[in-house]
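**Q** After the structure tokens below, expect a handful of questions from me.
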Amino acid sequence: MIYYIGVVGTFAFGISGALVAMNKRLDAFGVVIVAFVTSVGGGTLRDTLIEGRDVFWIDDPTYIYFIIGGAITAMVFQERLELLRKHLMLFDTIGLGLFTIAGVQVGLNYNLSYSICIILGVITGAFGGVSRDILVNEIPYIFHKEIYATISILGSAIFLVMHYFGFGDGLYQLIPISIIILLRLLVVSREITLPSLYTDLKRKKKTE
Amino acid sequence: MIYYIGVVGTFAFGISGALVAMNKRLDAFGVVIVAFVTSVGGGTLRDTLIEGRDVFWIDDPTYIYFIIGGAITAMVFQERLELLRKHLMLFDTIGLGLFTIAGVQVGLNYNLSYSICIILGVITGAFGGVSRDILVNEIPYIFHKEIYATISILGSAIFLVMHYFGFGDGLYQLIPISIIILLRLLVVSREITLPSLYTDLKRKKKTE
Amino acid sequence: MIYYIGVVGTFAFGISGALVAMNKRLDAFGVVIVAFVTSVGGGTLRDTLIEGRDVFWIDDPTYIYFIIGGAITAMVFQERLELLRKHLMLFDTIGLGLFTIAGVQVGLNYNLSYSICIILGVITGAFGGVSRDILVNEIPYIFHKEIYATISILGSAIFLVMHYFGFGDGLYQLIPISIIILLRLLVVSREITLPSLYTDLKRKKKTE
């Protein structure tokens, strides 16, 4: 199950990375490289953090073909760009759901504590998008646009509760994945954001 | 000793990262994530560079609680933001002193050469702040504002000399830590900077 | 052979990183740090991706002396800055050629598949420059300026074909290295770029 999650997530993030790169007017190889980094960035960081674990795509080049497939898919459908701009969010969300749960599962396989499993879930789900945004020179989207990390943490926690009660294997994993995807789609469509913590002191003083 | 250094440094850098994130108007989870990256960024890079060494916070989740504590502390005191703006520099400096020496000590534990120990000290002390600045899309502060890396290198060298003469354990480590902290506070208060190496050729030609 | 390739590449990328840092008006230590990251960034990422492989410069501090040498060379000749601006491209190109082939060779030493070897070649050759550009807060050059990655992939592929037919050792490696360097110099001098994949839909609609 975790293998198929990884492959589908790789493909979805490959499309998402390629769309961002095309919006930034990168050339074809730039598009493939940004798609690659978006796809494998999170899982690669997770695997280098866990001592003794091989980086997933180095042992199995299948992932690379799916990323290139995702990038080509995005390029072929570039004519429908405005349509795809909405799809960017969709593919990014599918990748987030799949990779978050894959990351938590890896942590469980190594018997790491629950708090570390949640962090590995967030890293696997979100770091690819963070790398993509750093590469195209923007403040990562995750930090200011939406309750992105919050949803990833919530999905990880639900999965860990399910795992604790023995419902963490196979198709059961589709439950937290679906919750993450649906919650993010809901949040984006309602334009819900967490409040910024910055208090504009100068304005406050003036009004006093 | 190195353990307490790590915990206090984690807390100090957590506050520093959270303050920067709040200035950038990130939401609560953005603040926690930037605090986390600022805190563990340097030590994580150090630990992935050393083959066979576990990443420090994966084995011991205590660090994570201290980071969240630092972020919450920063959030609670946000009303005193202008005061905290000065504290940002203070907490960043405390983190730099503690983490530089922790990084050198790790290099010594692995019997690495002195030049590598200094590099590990600088990476551990400074890379968290570099990651923080990259995440919020600014040229890392360390590269253009102050003699930040210079002080870290100097403190590492002093610690290595002390270690060579048998004064590198336990409370003796407070000496290079204090030197780093005091030197940076002195440099910032006097606004000392190293000269830029750029010669403005065009202006030069005009005046000739 | 691979050792000498690494040392010369380190020196060339050290000069390239220092030149970019001086253009950005960083202080002397900022210049050395950017030179260091540019030089070892690609090989370090490669070595952390391969489980069980030591990071190359941690075992052998010789590299560090060559990087500092490269940075000092760049600083000493700063008066000829406009001349050096062209040299930046030259040193960056020499580093790309040398490090691409060094990266592919490491992949072959670990019996990795050909597609992974090509990716390791591109990472080793290009990631140092990408890190340099991220540090000075620009969209990496590789993504929008030239057919940089394309040439690295092509050189890796030529080297793998040569290796397959038994011509991959020792001085034979100078052939793909030279092809990469000459191709990039040709491309830059002719100002060839790959087309951007972005179609300006709004303009298209207006003309329809």
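Every residue, even glycine, has its Cβ placed from backbone N, Cα and C.
What TrEMBL shows for this protein is this:
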- B:5-78: domain 'Glycine transporter' (DOMAIN)
- B:90-163: domain 'Glycine transporter' (DOMAIN)
- B:6-22: transmembrane segment (TRANSMEM)
- B:29-50: transmembrane segment (TRANSMEM)
- B:62-77: transmembrane segment (TRANSMEM)
- B:89-106: transmembrane segment (TRANSMEM)
- B:112-135: transmembrane segment (TRANSMEM)
- B:147-165: transmembrane segment (TRANSMEM)
- B:171-188: transmembrane segment (TRANSMEM)
**Q** Looking only at the domain 'Glycine transporter' (B:5-78), what are its DSSP counts of helix, strand and coil residues?
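**A** DSSP classes over the domain 'Glycine transporter' (B:5-78) add up to 61 helix, 1 strand, 12 coil.
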**Q** If you count every Cβ pair below 8 Å, which range out of B:62-77, B:89-106, B:112-135, B:171-188 shares the most with the transmembrane segment (B:29-50)?
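**A** It is B:112-135, which has the most Cβ pairs under 8 Å.
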**Q** Short question: which residues 6 or more past the ends of the transmembrane segment (B:62-77) have a Cβ under 8 Å from it?
**A** 6-7, 10-15, 17-19, 22, 28, 31-32, 35-36, 39-40, 56, 84
